[in-house]
Amino acid sequence: MLLLRKLPGMPGWPAALGLRLPQKFLFLLFLSGLLTLCFGALFLLPDSSRFKRLFLPRRAAAGDSDLPRSPPAAAAEPRHASPAAPRRLRDKLRAAARLGAPPAHTSAGGSKQQVQPGEGGAEAGTDSAPTAPRQTRAPFRFDYEKFHSSLRHPVLGRRGGEEPETRARRLKIKEMMKFAWDNYKRYAFGKNELRPLTKNGHIGNMFGGLRGATIVDALDTLYIMELGEEFQEAKSWVEKSFDLNVNGEASLFEVNIRYVGGLLTTYYLTGEEVFKNKALELGEKLLPAFNTPTGIPRGVINLGSGMSWSWGWASAGSSILAEFGTLHLEFLHLTELSGNPVFTEKVMNIRKVLNRIEKPQGLYPNFLSPVTGNWVQHHVSIGGLGDSFYEYLIKSWLMSDKRDSEAKKMYNDALEAIEKHLVKKSAGGLTYIAEWRGGILDHKMGHLACFSGGMIALGAEQAAEEKKQHYLDLAAEITHTCHESYARSDTKLGPEAFRFDSGMEAMATRLSERYYILRPEVVESYMYMWRLTHDPKYRQWGWEVVKALEKYCRVEAGFSGIRDVYTTTPNHDNMQQSFFLAETLKYLYLLFCDDDVLSLEDWVFNTEAHPLPVDHTNFKAKASMQ
Ligand code: DMJ
């Protein structure tokens, strides 16, 4: 239009042709139509790429050759080619974020803009087309045979000679597992848990619409106990009915430890692809939870939309130490099986944040802001809210075949601080681990904290020579205290929490803490203590638990938790928790197995008792572990 403007002193060129005003307009109209036609025709020629190069930026024009295997139309798509283009681009960015890939508009040295469902990040980059060439990954194949031949012991052991009593006890526990499974199958198959009194299923709201928590949690226990038919029933449900396309609020932690953990383990045990594929698909659905300013994930995620948020009860939108600190083992294996480093990167970043931040007295508080990366409240506990974070530090070291020295150091430093500030001895001589609230001790130990006997024993091996025996003794003392919490109850099952105040020792002092929901932590410690010391008292204590479970928790249609461990006429809570099959029965069973069944040389149990293999082959795909 600028060219057609009349220049001062010069006649306009339509005027020079001697045309009148209406004719001038007609002429201009004709001329602009002609130009548009010629320009458009360039793109209709058989080989238009030469001309495109003249008019389009070089990289976009080179689409056919520079963007291998992507659909040609999308590759050569000019910016804003159609009204649908921005939407398609936004979808691509969202998909990239879901897969954890950097958005295409991230330039080298520029700040990474993460797609953040729920935080408005997705739309921010829609103007800049993803013109950078996409990287093609060679298809990754995990070498199952190689992994399997790297195991030092047959998964189910060699089955040497054993005492008939040990065998009989093990078979009794197997019978309990079959009873728990059969009733779940009969009354609640496909639901998350069995309600054994009302004989129906429970779904709950912890798994964001996922179903079959008991099935996925039980798979490896069924396999290990050689309940072949039951294992096939569980497997075929996973193949045919396990739907991952769900919407709803899921706990990132629970989905990871039960579902991802259960699926990973079953893949490693069986080599059946379906378990690996489901684990990877589910793992990817968890990734948007990490899209926070610090990379510390939020606790709750919608598996459909990828929106994530913090628990309403967690102070000031914080994330929970035991939740974001209990992803490491599973996520390393997701990388190992997929070849995709993103999973490892996410958890290594959590570690980086934790290493950077100052710890009060060397302790890790339970609440951290995923926005600022600062502690939100100074509550420290080795029980609920903190527990499995410490467990995963030492297990990361073990799972790395003792190469991950950073994890070992973090564990040792944390344990030293815990011992200095939280470990106490009661007047009656019981060692316990108190909780810490801004410097003030709460002389209470939760059932959950009783896993620590096993953990400390497991970690003793790597301690300095002069401390090994000290840690084994500490582990034995804590396990003894937890046993006392069972022995001092009328049912011989332990309460949810027990205290060392008001003249009480190892007993619940509040009505609200007297329940037992089939939790595993005490028998978990018995199992480790047995394997590491072979002191027969641990098998004895485990057998006491079996008898108590049979007497007070077994009902007509399964096992149920009880509301008060101090009364022998039990009031059942009508819930057979999935961890009863995943953990409690598995640890009891292993307590009466030889040491080479799921040998601790080959396997590390995740916090839901799903064994994951030790990295004897030196994980190839790990991203940033030194
Ligand atoms: C299980 O889901 C896991 O052991 C978790 O680490 C803590 N709580 C339950 C069992 O009590």
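Heads up, the Cβ atoms here are built off N, Cα and C, so glycines get one too.
Features reported for this protein in TrEMBL:
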type     : residues      : note
ACT_SITE : Glu254        : active site, proton donor
ACT_SITE : Asp387        : active site
ACT_SITE : Glu496        : active site, proton donor
ACT_SITE : Glu521        : active site
BINDING  : Thr607        : Ca(2+) binding site
COMPBIAS : 72-86         : compositional bias 'Low complexity'
DISULFID : Cys450-Cys482 : disulfide bond
REGION   : 62-87         : region 'Disordered'
REGION   : 100-140       : region 'Disordered'
TRANSMEM : 25-45         : transmembrane segment
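Closeness to ligand 1 is met by Thr607, these being the recorded positions among Glu254, Cys450, Cys482, Glu496, Thr607 whose Cβ falls under 6 Å from the molecule. Closest in space to Glu496 (active site, proton donor), of the recorded positions given as Glu254, Asp387, Cys450, Thr607, is Cys450, taking the CA atom of each residue. In this structure, the CA atom of Glu521 (active site) is 5 Å away from the CA atom of Cys450 (disulfide bond). Counting only same-chain residues six or more apart in sequence, the Cβ atoms lying under 8 angstroms from the Cβ of Cys482 (disulfide bond) belong to Met445, His447, Cys450, Gly453, Gly494, Glu521, Val522, Ser525. Cys450 (disulfide bond): 31 other CB atoms within 10 A of its CB, across all protein chains. On its own chain, the residue listed as 'Ca(2+) binding site' has Ile257, Gly261, Thr326, Asp387, Ser388, Glu391, Tyr392, Phe451 as residues at least 6 apart in sequence with a Cβ closer than 8 Å to its own Cβ.
Considering other CB atoms within 10 Å as the measure, the emptiest surroundings among the active-site residues Asp387, Glu496 are those of Glu496. In sequence order, Met206, Phe207 constitute the residues six or more apart from Glu254 (active site, proton donor) in its chain with CB-CB distances below 8 Å.
Around the Cβ of Glu521 (active site), 24 further Cβ atoms fall within 10 Å across all displayed protein chains. In three-state terms derived from DSSP, Thr607 (Ca(2+) binding site) belongs to neither a helical nor a strand segment and is classed as coil.
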